[in-house]
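Undergrad: The domain 'ABC transmembrane type-2' feature in TrEMBL is assigned to A:21-251. If you look up TrEMBL, you'll see A:21-38, A:58-80, A:101-127, A:139-162, A:169-189, A:232-251 marked as transmembrane segment.
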């Protein structure tokens, strides 16, 4: 199982390494947001009760998380490609564990998310964002973005496998991305949100990762927040990967 | 027996019966063909026997392992070349082969030697380290077959191995499959909708239609069972079937009418032609063209399925 996971991961990483441009292009969007929103909403911190000193400091985790959601939502497209090309069938008729196929997808997605998140964190820093707690905060942020990305990789994979239609995967991605990010504390402090929005945000995994990340980025780490929200996020990610592995069975009933 | 399938039934929602009690038996070392038009159930049979899909009912074993109880043992014993074999287009031919071997647990020097051997054998050595996306259709198909062989399977499944290839690539593939059959004692199940392919490559074949096997045998035995030459007459106008049948019934036998073409059998085809032409003239349906041929697989198909093969393909 471990060996198979490794070789299947190796295959995808090699493909990624062959086209590094893909990673760079997908980064353009979050980078534009970072500088656009960073400038546009600069004065927001002056609102009474916002609670942060610099909006850029506040924004970096928001952009990292938004990128993790949007990048991983496309996982289902790759799955559909592999089904149409026959690659998935080839693996399924070989003595390969279903879990190994899905694990490889998750690992590759997490690795590219990590790379992208790191670049955003560094660009934010170059633009003047502060990480007062030192290296720990940014590292925790990157790790949390990987876990959040896994939630959406699993979801998108399961969805792609179930519907096998590119349009539906694109639709799901567009449908979820903006509401999930704006119904969270990515761009606006919780205390300034309408009451109902605070309620929705409490159940939003994107917000869990943000609260955990902000807990880790603070000058003194908010451990209960980091471990509590992070734990829920991890549990959800595991559930999504499991669900996604289950969809192989559904797929094989239909072929 | 290397492949034994008994009474396989498979229904896809909404109620499309892809297999309707299909049974086949393949002996070790045999090249067995499933011949039939698209939608006859050939690919479904391959999907079930290669553990990808599960039959609704029926039993099957491959390489001595029961499909339902030990799918993993079956997977280890078989090589699968599906219609889309899904070589990774971004990876090189060599990387594709190495990965395939690793997934089957082939490792180290053994793997590298095997991959080199297959690249040579399938004439891909020159392109081994180029990404597959630049390959021609023929090269890609050869790589597909090589992928199916990396782990030295006992039974090889070839689903429409020459579909979409140009004539040159097709005959190269035929030569390769014939060589495969001769070496390594490989048992091959091959599906095709090309009569010529089934005729040339298979030791035995089954004609499949609507999810069932209609007849099984060697190509020669099937043709021999028709007893006599085929006489095909193309009529110049529409015909009154009953009248025509009556007119030529005395000269030839096994008359079938398919549009404007009528086909029949005679012990000596050439000798029967004048009689047939005269009879048709008398019946008011003069012939436009006449051919006489030794029995072909197409005639076997017509006899068992009730229509010409080409039509079945077009359906």
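Placed from the backbone N, Cα and C atoms, the Cβ positions cover glycine too.
TrEMBL labels come from automatic prediction, so no person has curated them.
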Undergrad: Between the stretches A:101-127, A:139-162, A:169-189, A:232-251, which wins on the count of C-beta pairs under 8 angstroms to the transmembrane segment (A:58-80)?
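TA: When the Cβ pairs under 8 Å are tallied, A:139-162 comes out ahead.
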Undergrad: Using a Cβ-Cβ cut-off of under 8 Å, list the residues of the same chain that are 6+ residues beyond the ends of the transmembrane segment (A:169-189) and lie near it.
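TA: Cβ under 8 Å, 6 or more out: 37, 41, 44, 49-52, 58-59, 61-63, 65-66, 69-70, 73-74, 76-77, 80, 156, 159-160, 163, 197, 200-201, 204-207, 210-211, 214.
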Undergrad: Could you tell me what the rest of the chain brings near the transmembrane segment (A:101-127), counting residues at least six beyond its ends with Cβ under 8 Å?
TA: 5, 8-9, 11-13, 16, 23, 26-27, 30-31, 34-35, 38, 56, 59-60, 63-64, 67-68, 71-72, 75, 78-79, 88, 91-92, 138, 141-143, 145-146, 149-150, 153-154, 157, 241, 244-245, 248
